[in-house]
Ligand SMILES: [K+]
Ligand SMILES: [K+]
């Protein structure tokens, strides 16, 4: 372990992160909302801490290895999550205790979008902007880490892609390729955000709302500047734009990058994961729309509009709402929440288990059935025309089991704190899948959760975002040996 | 497919099964409870149907193959489940509609022990005896099928053992070895039942109750002749005897057979699955007992007694109760019900996913963590000193995924019928794990479930008992080709 080197990186990271507290400061001055002091203090504290970490070790050089990668990735989210809560704590308008402020900050950075804040519409613009921006930076962090770093650690749904990439990526050293890849992904991400904001603005949002919602849409975050979320705008155009961008943001950004560089879209259809992802969303939309219509909850038009919007929003784990879907008839809320276990594709900002894993698990189940009928046949598992490595399959299975195990453990911890079963169940889905809204007591927001519950849920959001294993590895004694 | 041969076997099976309706007939005469007519009719109809199936094809000979094995196993439970409902339908005392009668019969034969009957204490002795006996015959059927037949089909937790067995067992032909194995297992089963009944009787049960409860204890069934289940007797001795026999019945019967033949018990401790099973039960008991004591629900003695009894009863999927555990504080009912996903060992009468599978899944998860830390190390998965075949691991993973998938699908189907989430959730656990009691509306019994819900739950019990795959294979088009 290169502790001092890691300290240096964290110091730089914190100093960079402190800069992100300057833009809400500008917003505060622009709207004269009086919340500027909190951001100035947050900036100074964050920058100062970063400087204090960096200064003593700034000359430290060395090569990072896989093991350091786990620690950095986990610390990245944890440390930023903690420091990101400063503006909420230091601002008198928000009135949050520490557990709530950290919850809100972690929820933003992990693009979960669960909130403990109420009466959003009355909050200062700068605070609202800051929340949205947290999601946006969280989003690009997720993509870079998922595409460039996790595969090197042997974690994450991108393993399937990794099997194809020759040479240095398979090495355990973190190579300079990361910088290039990160730059390219960042450009795509910015372009997507700009076009989304423009579309929102053209559809009638104020420029402030357009930018804010573009941030949380492209990040699959789900934070909004209004209590009624997207429902506030009451606009079919905005719902359709939002649906489109959620759909796009849930696809692997490596594919978007490819599309942008080669001016082609045919590879989306050739990609097995994207096709599976689209198929599941289509299936979900059909079920939800027909159920809404059949139960006479809506007329045909509204059933289609709300059904499609809500299915995409929950299945991609964005978590925007137009209607209180938790109150929809019978099994729809449960069905939607189950879809969020898929979430987005690997290498997107979506949460959940990722489409590629769900696809591999299903394929493996079907393969096993055929194997039982033809016990002596040799049937390799294939995606497209490619045979899936045994190592990848084993990693996917383990991920599934560990995910289920983490789910049950967190749910039990919440129930030990006294939560009822439905609320506990949906709160874990909402946080572990980085979805956002729950059912039961946490359908609207998490302010009713107790302090210990909020800490547990913050942990759950981090665990989900770190693909469980990154954090679990740190908890094994074997990791700290040597 | 040898349809006519299968018909012949089913015919014989039905004629044999009809004989089991004669013992409750004797009970009816003995107690003069007036319920004899139902059993006479049930006997005649069952025997008649069996004869009609058998007569036209009684000369049919041939060799059964794997494919036929799936069909026979699935039909075995389905057909017996249907015919087993006749005494409930034909008896005026029970007042059950068809869906309820089939539910009760399937629940008996699959040793689930969920009931739609209320006021058990007022029912005729013969009906009560018949229910208990259904579980007992179901239990031995399960063991023989799990130990002797499923491994040949490539299904079930016994695969791990199968890898060791040389020669004919690996063949796809059903060999005469089945008869021998079945006989040996039956002897062990009978001995266990007799000693259990004797112990109950010495502890103060009437001889009728002793026999009846021995039937459902050894079968991990959970049916009782009293509404208050084991709680009716209010006896520490009976609770301890019951705990012991549930524990024993949850262990692989192949091990019991070995113990009986070689007068040795040391192999229980060498067997990885048994050790894991005991470890999980111990862990569960500690959690439950300390929670009961800590929450001041009981004093120290009662916390221990009820905690241990209820943990063993639910974790082994027996489903006996002494107290309404669904009303225990906060998270205990949920925790207990999660334990039932383990259930018994492979080759026992227990339900759930079986200890060996849960053990392999956990081992694989831990292995994966270490693999992440040492990406280049070669780490085969081992049980004891034996390396686990890749084929077995893959089968276990697929089972896990398919089990979860079946769980969610059935739960959704129930919620579509209008069940609330907690009741639906626990009803699926109760039936798919062959556990018995649920939570919420089905905590005491399933008479509140609607007819479609009862059909779905009967299917769920069959699915669990047939280790999911046996039934799923029949639903694939590939199975019916050729
Ligand atoms: K989200
Ligand atoms: K049972």
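Cβ atoms are placed via backbone N, Cα and C, with glycine included.
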(request) May I ask you to indicate which of A:110-135, A:136-161 is given in TrEMBL as transmembrane segment? (result) A:136-161
(request) Among A:7-27, A:70-90, indicate the range for which TrEMBL gives the feature transmembrane segment. (result) A:70-90
(message) Checking feature assignment: transmembrane segment per TrEMBL, candidates A:367-391, A:392-416. Which range matches?
(response) A:392-416
(message) Three or more CB pairs closer than 8 Å, sequence separation of 6 or more: does that hold for the transmembrane segment (A:237-255) against the transmembrane segment (A:70-90)?
(response) no
(request) Please figure out which one of A:70-90, A:331-353, A:455-480 racks up the most CB pairs under 8 Å against the transmembrane segment (A:276-294). (result) A:331-353
(message) Do any residues, 6 or more residues outside the transmembrane segment (A:455-480), come within under 8 Å Cβ-to-Cβ of it, and if so which ones?
(response) 67, 70-71, 73-74, 77-78, 81, 99, 102-103, 106-107, 110-112, 114, 142, 150, 153, 155-157, 351, 398-399, 402-403, 406, 410, 413-414, 417, 427-428, 431-434, 446, 449
(request) Take the Cβ of residue A:317 (K(+) binding site) and count every other Cβ within 10 Å, whichever protein chain it belongs to. (result) 32
(request) For the recorded K(+) site formed by A:111, A:112, A:220, A:221, A:317, A:318, A:434, A:435, name the remaining residues of the chain with Cβ within 8 Å of the site's Cβ center, in chain order. (result) A:110, A:113, A:219, A:222, A:316, A:319, A:349, A:350, A:351, A:433, A:436
(message) Helix, strand or coil by DSSP: which one applies to residue A:318 (K(+) binding site)?
(response) coil
(message) Going by DSSP, is residue A:434 (K(+) binding site) sitting in a helix, a strand, or coil?
(response) coil
